[in-house]
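Single-structure report; data block below.
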Ligand SMILES: [Zn+2]
Ligand SMILES: [Zn+2]
């Protein structure tokens, strides 16, 4: 084994001793001695450093392929396992800095003993497409209990995945953690093969609005990342998501904190309205008002939804003001509220994978989601955070303006 503390940081003009941080891409391509002193140094040197990955994968900088797979199949070499990372859409005009990093890992499987929803084989949610969109289900005591159970499991899974978050890991790793945690709970991860979605989890960093596909991209200190988890257990679905700060750097970025914390508050404010008799169209007004007060915009394309034995039954729940959604909250209804706020324009465009949608101006977005039950007197948040859940609200970082104010400085 290599003793990391005796090595030097790989950073171009860095004199420091290496820390314990190893480049995860290097590890994947079989280079076991790429140590950096800090995450910052790693990030600073990334553009230069990443060329070694291409070389390790058999590509020189000018793109010439070398045959690094031994010609004889009898020779077993580590090179056979080398993954060739690439951007699948090299000519696409990306709006921000996030790029897809392929290949995707093979589709994960769920043991046959666990009940599967109808899309698991065909990719098509047939029953859901046949639903009468004007009829909102009310669950009896047994159905409500089943929803409590699957939502409790979904919260457990989200917390397990969120606990793994740190700079240097890939979103594909988070997908693996999510998938295994679902299977351990005898649950099918609802997104898997839903309209042919290839993964068990949606991971949406920075300018990705929602439905990002877990891939080989490495999370960076300073990223914000939404984890959207859905489970199917004993015939019922649960759905929740949260946006997290990756590393400590994002927590000091006023814009990132503004969009994340405002979105968190918008969801809480909408939930506070839920009780029998509240029109579903009312949620959007409070969400948009609060978003605007913080100079954020509401992404109108995506809405909350009913959830029960179906993944996305009626009602559809808009998050913007002056919407015309039909339906009134009644005891026994279960649905999600899941606002998405943006720092810039609320318009989005799709990557060519037809899932990942990003803001048209590349600015960041955040989303939060709960599944809830309307009770006789109010609401029960079935996916509520627990005392020890990772993440949670943080204060706005001090801005230079604040410092000036506390110092008694005046502005002309
Ligand atoms: Zn969700
Ligand atoms: Zn949802």
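Yeah, the Cβs are placed from backbone N, Cα and C, and that goes for glycine too.
Remember, TrEMBL labels are computer predictions, not curated facts.
In the predicted model, the domain 'C6H2-type' (6-60) has a mean pLDDT of 69. According to TrEMBL, the feature domain 'C6H2-type' maps to 6-60.
For 211, 312, the entry in TrEMBL reads protein binding site. Cβ neighbours within 10 Å of residue 312 (protein binding site), excluding its own Cβ and spanning all shown chains: 20.
According to TrEMBL, the feature Zn(2+) 3 binding site maps to 228, 239, 369. The number of other Cβ atoms within 10 Å of the Cβ belonging to residue 369 (Zn(2+) 3 binding site), over all protein chains shown, comes to 24.
Residues within less than 8 Å, Cβ to Cβ, of residue 239 (Zn(2+) 3 binding site) and separated from it by at least 6 positions along the same chain comprise 154, 190, 228, 229, 230, 305, 307, 311, 336, 338, 369, 371, 383. Annotated Zn(2+) 4 binding site per TrEMBL: 239, 305, 338, 369, in sequence order.
Residues or ranges marked as region 'Disordered' in TrEMBL: 386-412.
Annotated compositional bias 'Polar residues' per TrEMBL: 400-412, in sequence order.
In this structure, the binding-site residues that sit close to ligand 1, with a C-beta under 6 angstroms from any of its atoms, are 228, 239, 369, chosen from 211, 228, 239, 305, 312, 369.
Ligand 2 lies within reach of 239, 338 from the binding-site residues 228, 239, 338, judged by a C-beta closer than 6 angstroms to any of its atoms. Long-range neighbours of residue 211 (protein binding site) (same chain, six or more residues apart, CB within less than 8 Å of its CB): 197, 202, 204, 228, 355, 356, 357. Annotation note: residue 211 (protein binding site) sits in a coil segment as assigned by DSSP.
In the three-state DSSP classification, residue 369 (Zn(2+) 3 binding site) falls within a strand.
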